[in-house]
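Novice: Dumping what TrEMBL says about this protein:
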{"type": "DOMAIN", "residues": "2-244", "note": "domain 'Nucleoside phosphorylase'"}
{"type": "BINDING", "residues": "S7, R47, H48, T187", "note": "phosphate binding site"}
{"type": "SITE", "residues": "S168", "note": "site 'Important for substrate specificity'"}
{"type": "BINDING", "residues": "M186, D210, L211, D212", "note": "substrate binding site"}
{"type": "SITE", "residues": "H223", "note": "site 'Important for substrate specificity'"}
Amino acid sequence: MGVIGGSGFYSFLDDVTELRIDTPYGAPSDSLFLGEIAGRKVAFLPRHGRGHHLPPHRINYRANLWALRSVGVRQILGPCAVGGLRPEYGPGTLLVPDQFVDRTKARAQTYFDGAPLPDGTVPNVVHVSPADPYCPTGRRIAVKAARGRDWEPVDGGTLVVVEGPRFSTRAESRWHASQGWSVVGMTGHPEAMLARELELCYTSLTLVTDLDAGAESGEGVSHDDVLQVFAANVDRLRTVLFDAVAGLPAEEERDCLCTRALGGMDPGFVLP
Ligand SMILES: [Zn+2]
């Protein structure tokens, strides 16, 4: 199991082992931190680095997913902070999206870009479907885990991923909301798609930390507000994540579309 999120998610575990890893795509955001939850091995990766020094558009998503897979991770939970695009999705709302919309601009977003790896192997041209971008099993288990802790989540919705690091203008925010999209964040893409390309299960858990500019009437989002709401909810989000980790299927019982994402196509390289 893998969890891509802040240090608040693993700092309470006993016996955490730090593992520094390099990948053909360079270094991941930080070391992997290996621990155990309910007898299951879990690798934690601080998405922004442990000192939160990496802005969303500078994260090496390819290295992050590659590193996790290379230590045996096959199912990933990806918690992240988002802005709510509807008044009813206020701070503290937990939403488990079933769709995303990519509005990022300049990120390496595929392993199949035709560029050779450092060892000379050249990836094949492969097109992977993101029609249903999140693991259906992981989503179901995440929703159940939240309910088990009396935190009724929004089951489904669309996560708009913007390039950042700036927040949205009111016009952008109103446009996102008018499309019927639910929440807006900066890290959901290409994280989920890269996981899919490596046939990993990926489940996004979004925590609303503020109402986005188009859904509120105040002065707009501030970074301080985001941090405050995240800190206020990190304990219960960690509990839900741990319950979800315990509830995810064993590797031999994984039978979702994620496991067949390449449809038998040869990626041209050996999956880590
Ligand atoms: Zn899956």
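Numbering starts at 1 and runs along the chain as displayed.
Including glycine, each Cβ sits where the backbone N, Cα and C put it.
Whatever TrEMBL says is automated annotation, not expert-curated.
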Novice: Looking only at D210, D212, the binding-site residues on record, which one has the least crowded Cβ, with the fewest other Cβ atoms within 10 Å?
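Specialist: Per-residue Cβ counts within 10 Å for the binding-site residues D210, D212 bottom out at D210.
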Novice: Which one of the binding-site residues (S7, T187) has its C-beta surrounded by the most other C-beta atoms within 10 angstroms?
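Specialist: Within the set of binding-site residues, the most crowded position is T187.
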Novice: According to DSSP, does S7 (phosphate binding site) fall in a helix, a strand, or coil?
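Specialist: The three-state answer is helix.
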Novice: Check the Cα distances from D212 (substrate binding site) to each of the recorded positions R47, H48, S168, T187 and keep only the ones within 10 Å.
Specialist: S168
Novice: Output the one of R47, H48, H223 that, of all these recorded positions, has the highest number of other Cβ atoms within 10 Å of its Cβ.
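Specialist: Result of the Cβ crowding comparison: R47.
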Novice: For a quick check of packing: other C-beta atoms within 10 Å of the C-beta of S168 (site 'Important for substrate specificity'), how many?
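Specialist: Result for S168 (site 'Important for substrate specificity'): 22 other Cβ atoms within 10 Å.
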Novice: Other than its own, how many Cβ atoms are within 10 Å of the Cβ belonging to L211 (substrate binding site)?
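Specialist: So the number of other Cβ atoms within 10 Å of L211 (substrate binding site) is 24.
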Novice: Rounded to an integer, what is the Cα-Cα distance in Å between S7 (phosphate binding site) and H223 (site 'Important for substrate specificity')?
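Specialist: On Cα coordinates alone, these residues lie 18 Å apart.
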Novice: Where does L211 (substrate binding site) sit by DSSP, helix, strand or coil?
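Specialist: It is in a strand.
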Novice: Could you check which of the recorded positions M186, D210, L211, H223 is the closest Cα neighbour of H48 (phosphate binding site)?
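Specialist: Of all the candidates listed, M186 is nearest in space.
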Novice: Take every residue in the domain 'Nucleoside phosphorylase' (2-244), average their pLDDT values, and give the whole-number result.
Specialist: 93
Novice: Could you check which of the recorded positions S168, M186, D210, L211 is the closest Cα neighbour of R47 (phosphate binding site)?
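Specialist: Comparing Cα positions, the candidate nearest R47 (phosphate binding site) turns out to be M186.
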Novice: Over all shown protein chains, what is the count of other CB atoms within 10 A of the CB belonging to M186 (substrate binding site)?
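Specialist: For M186 (substrate binding site), the 10 Å Cβ neighbour count is 23.
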Novice: Just the number: how many Å between the Cα atoms of D210 (substrate binding site) and S168 (site 'Important for substrate specificity')?
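Specialist: Here the two Cα atoms are 12 Å apart.
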